[in-house]
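Take a look at the structure below.
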Amino acid sequence: MANYILSLDQGTTSSRAILFTREGDIKQIAQKEFTQIYPQPGWVEHNANEIFDTQSYVMRECLQFAGVDASDVAAIGITNQRETTVVWDKKTGAPIHNAIVWQDRRTAGFCDELKAKGLADVIRQKTGLVIDAYFSGTKVRWILDNVPGAREKADKGELLFGTIDSWLIWNLTKGAVHVTDESNASRTLLFNINTGAWDDELLAIIGVPAAMLPRVSKSSEVVGEIHPEFLGKALPIAGNAGDQQAATYGNACLKEGMAKNTYGTGCFMLMNTGKAPRPSNNNLLTTMAWATPSGRYFALEGSVFIAGAVVQWLRDGLGIIQSAPEVEQLALSVPDNGGVFLVPAFAGLGAPHWDQYARGAMVGITRGATKAHIARAALESIALQTLDIMDCMQKDAGIKLDTLRADGGATRNNLLMQFQADVLGVPVERPMVTETTALGAAYLAGLAVGFWKSEEEIAAMWQLDRRFEPNMAQSDRDKLLHDWQRAVARSKAWIEA
């Protein structure tokens, strides 16, 4: 009997493979960063071949470092940066353009055209999404319109589109399987979350031929096998979900009303709303959570584009710190932000503002401001953006959160977690296993092959590492929020369309 599940966690800045035990513990992690490509301001690309090469490399390295043979792996689960778009040649398997990343803003003008045509309501009703350059559909259209001959080839069925999960599965199966799951499909602007299928009207609006699209599977389902050349054995690919949905599952937010926030490159709060889509009146997204044999589940989501990436900027852009972990000690060297607020709208503002033309702003700077105040303001911006979303989520769901589960790399920062609890006014729980994105993909894969028997078994494995209790006076919280909202207002509509 196999003893492990292997998760492939394809993120925005690195590809990782994580081996999980039957108890849901981490046996081994392998990670490799890849190149970020910025052709011009507001554009972000990845080399799709480099993504696959790094992912297949860490997949092998993970098992090698663990001393585990592929025959001891029951299944593979995949989770991925969502919305990032690849278009490739069906015959050769070669991408016709770099992958356009979820952060990329080049299609903002086309999104404005769709809004001007009065299409926002029909798109929201069918997809649960807002019209924004964030989502995959407009990125596909851009590639077809800007790569010579691409649209003609797409119309003939010679090109394929996929989010990163589709691209990985296509390559791992040597072109035998072209598939995505409902959670990833629901992030394209092309998928009707009510019918659970690609939508002809949406395809016509965006301008994407149906022949390019992958089959849509459940999130927990055997969709194919990886080719034996990769690990020496054909293993079932049995779980697949976008990173934030996978993190919600991995954090065992399996009951209606439970919520988690993932602190990664961006920040993403999801609340499980059960088996019915919950429309948002506060500029949040209604999205698929996952589809399993027990049914189709939905979530409310608030997406923050820049969270952990602001710490990368402190390191790589400003040189304030040499490594990401240093930011906590630097920020702790001052008692507060000194009146400095940083709005990291480097790629516009996501929920609940949805301002494609906002840009980063730092306000409240005096001669007494230091790099420590800037570091503290950067960390606080992550928590304050999360507060904006939680307020909207509680209104939409009609549920007052009593606890927020947190995951992702930045949760290791105790200052950030405590400040988050302080400004939210509710406890923040950090799980023992913070790699919940990969864990969620593992759970979905394990369920599909009987490695785990039920969601009740999975929920019982969740373990608390630390609970951060709120410890801030309401008056202080109100003042912070007031000044934060003033700072956000100054970042909006900075680019003149």
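Keep in mind that glycine also has a Cβ here, set from the backbone N, Cα and C atoms.
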Swiss-Prot glycerol site partner of ARG82, GLU83, ASP243, GLN244, selected from TYR4, TYR134, TYR297, TYR357: TYR134
Of THR265, THR366, THR370, residue recorded by Swiss-Prot at the ADP site of THR12, ARG16, GLY308, GLY409, ASN413: THR265
DSSP three-state assignment (helix, strand or coil) for GLY409 (ATP binding site): helix
Site with most surrounding Cβ atoms, counting all protein chains shown within 10 Å, from the binding-site residues ARG16, ARG82: ARG82
Among THR12, ARG16, THR265, GLY308, GLY409, ASN413, the record's ADP binders - longest CA distance, Å: 21
Residue with minimal Cβ packing [other Cβ atoms within 10 Å] among the binding-site residues GLU83, ASP243: GLU83
Rounded Cα separation (Å) that holds between THR12 (ATP binding site) and GLN244 (glycerol binding site): 12
Subset of binding-site residues (THR13, GLU83, TYR134, GLN312, ASN413) lying within 10 A of GLN244 (glycerol binding site), CA to CA, in sequence order: none
Distance in Å spanning the most remote Cα pair of ARG82, GLU83, TYR134, ASP243, GLN244, given for glycerol: 15
